[in-house]
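According to TrEMBL:
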- 19-93: region 'Disordered' (REGION)
- 74-84: compositional bias 'Polar residues' (COMPBIAS)
- 105-134: region 'Disordered' (REGION)
- 106-122: compositional bias 'Low complexity' (COMPBIAS)
- 148-308: coiled coil (COILED)
- 308-661: domain 'Kinesin motor' (DOMAIN)
- 323-370: region 'Disordered' (REGION)
- Gly408, Gln409, Thr410, Gly411, Ser412, Gly413, Lys414, Thr415: ATP binding site (BINDING)
Amino acid sequence: MEPQRSPLLEVRGNIQLKRPPVKAPSRLPLPGTRFKRGPDQMEDALEPEKKRTRGLDTVTKIATSRPRAPALTTVPQTQGQTTAPKVPKKTGPRCSTAVATALKNQKPGPAAPAQKPGAAAPVLGGRKPTKRPAWDLKGQLCDLNAELKCCRERTQTLDQENQQLQDQLREAQQQAKSLGAECKTLEGELARAQAQAEQGQQELGNLRARVLELEEQLGTQQGLVQELQKEQLGLQEERRGLAARLEEQERRLQASEAALSGSQAEVASLRQEATTQAALLVEQGERLHGLEMERRRLHNQLQELKGNIRVFCRVRPVLPGEPTPPPGFLLFPSGPGGPSDPPTRLSLSRSDERRGTLSGAPAPPTRHDFSFDRVFPPGSGQDEVFEEIAMLVQSALDGYPVCIFAYGQTGSGKTFTMEGGPGGDPQLEGLIPRALRHLFSVAQELGSQGWTYSFVASYVEIYNETVRDLLATGTRKGQGGECEIRRAGPGSEELTVTNARYVPVSCEKEVEALLHLAHQNRAVARTAQNERSSRSHSVFQLQISGEHAGRGLQCGAPLSLVDLAGSERLDPGLTLGPGERERLRETQAINSSLSTLGLVIMALSNKESHVPYRNSKLTYLLQNSLGGSAKMLMFVNISPLEENVSESLNSLRFASKVNQCVIGTAQANRK
């Protein structure tokens, strides 16, 4: 095989176009060494050649830009070089030494010497390159730039080939290392084999000595008999040891049988204890049920002591842009226990400019005092308000109908109290979302006692004695004439609204979706019919059904949360134009329904035989939530502004009349 020539020598020979060799040492790095010259240094090394090639014509550029020969070719081996033989794997301990010696003896051949300055440029095709005239500086500069580019390309090629040679040397060194490791492994195996051979020889010698010893023993019969007697004694000792172990195992077996009988007795005792615990658990369940029934009775009794008709007064805060009321306009006197007691009284002062004294000075303002079950000043939050009615809402789970009203003039905060503020702020949530969250939480707690509850929600509004479904979707939006109040069936006391949606709910998200849909429908109505939503009653009803399957108990009751329309009176000096006539009809319908509500509460308080439920769609729909088995709460919302003092007084007087009513003892709807 022809010896392999160094790629760097091949590249250098291709670049210098087979110039005659000159006896000069090669400047290329040895294999395994790092090439420390940069591109600038290579340019400096090739600078004499650039100077020699100045003045070459176009033929020289063609000659230097001709394609180079492949980088890796075979050339004759130079004197002093040795080719590293291929070393097979696993050749013995001397393989690593042979590889290292071969790599050491491989020396780079002499490189082609650089052409001396002033020497003629190589001849291409047998013709000498024409020399550019001295005045053609631009041409000479172009030639020098082309030659510089070629030199840079050659330098880059030499760098790449040098890197490849270094990689090959690195691989050869790694192979030598691996062969050295294999050689060491084979040496270790050889040493172990020699040790085993020596051990075998030693064992063979021992066996030979043993044979001689046995031959000597065979010569003496007496020694054999003595050996057999000793062996017999040993067997007897072993038999006695086995007998002792057998006795020990029998004792352990008896102890295990005794422990087993004890465990069986303990299991029987545990079973008896489990039976006792089960009976005790049943007894505790009965006791827990009795305590739950007692809690409901005491809870109902507490609500009755507070009154089956309660009235709360809430004063909204002054909104931005509204005038600040004068000092002393609204006062909240402390309770009997001092400032720590929640306020239950409200004092409102009113000045009448038409009245005066004999001296001509204006009369002092008239103060009106009112007392309610609870008064909430402007700074009271939604959580404080709901905390006061949370126990009343829970009565609906116990089977008592509950009805909560929000009464007052337009803009007094009724809708904020019932539904909450905009933006989804949890601190501004109204009574409806808070009440349903509370009911869901308590129902889940009662589920551990065997109770299961279901909730069905509906949301309607009553405008000019017309019922409209606020949960309608699709083509039924905005249609109110199709909804009528009817009894659920013949002989049934339950009332339903025909063509209205009754939606089962089980979590807060579903309730929020219903409230959002109702708000959108009211917004549509407000745009279509002149703020109709502020002039209508909205009624949110939640029908609660509970069942205790283990005891066969059932209970059901409605929870009604009502946002009444504005209670302001009609201006007597109002001119009856087309818009005012519609306003007059709205006010008359609202005042008529609110008057009917007051008459119904009075009739229930006086225990009259006839209660005028049918005089209004509102009272007829809430008939089952207003009777003697129901619990009612009215929020009277008033404005803090002095300009609304007349409407505030009317609302407070109506609420005081309701607060004086007493309805009989409520009865739970249980089966």
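Placement of Cβ uses the backbone N, Cα and C atoms for every residue, glycine included.
Sequence features, as recorded in TrEMBL, placed on the structure.
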| residue | record | contacts (Cβ under 8 Å, 6+ apart) |
| --- | --- | --- |
| Gly408 | ATP binding site | Lys414, Leu564, Gly566, Ser567, Phe635, Val636, Asn637, Ile638, Ser639, Ser651 |
| Gln409 | ATP binding site | Gly566, Ser567, Glu568, Ile638, Ser639, Asn644, Glu647, Ser648, Ser651 |
| Gly411 | ATP binding site | Gly566, Ser639 |
| Ser412 | ATP binding site | Arg316, Asn637, Ile638, Ser639, Asn644, Ser648, Ser651 |
| Gly413 | ATP binding site | Arg314, Arg316, Asn637 |
| Thr415 | ATP binding site | Ala406, Gly430, Asp563 |
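Cβ-based neighbour count (10 Å, all protein chains) for Thr410 (ATP binding site) stands at 17.
The local packing around Lys414 (ATP binding site), expressed as other Cβ atoms within 10 Å of its Cβ over all shown chains, amounts to 28. In sequence order, Arg316, Ala406, Gly566, Asn637, Ser639 are the same-chain residues whose CB sits within 8 A of the CB centroid of Gly408, Gln409, Thr410, Gly411, Ser412, Gly413, Lys414, Thr415, the residues recorded for ATP being left out.
Computed over the domain 'Kinesin motor' (308-661), the whole-number mean pLDDT of the model equals 84.
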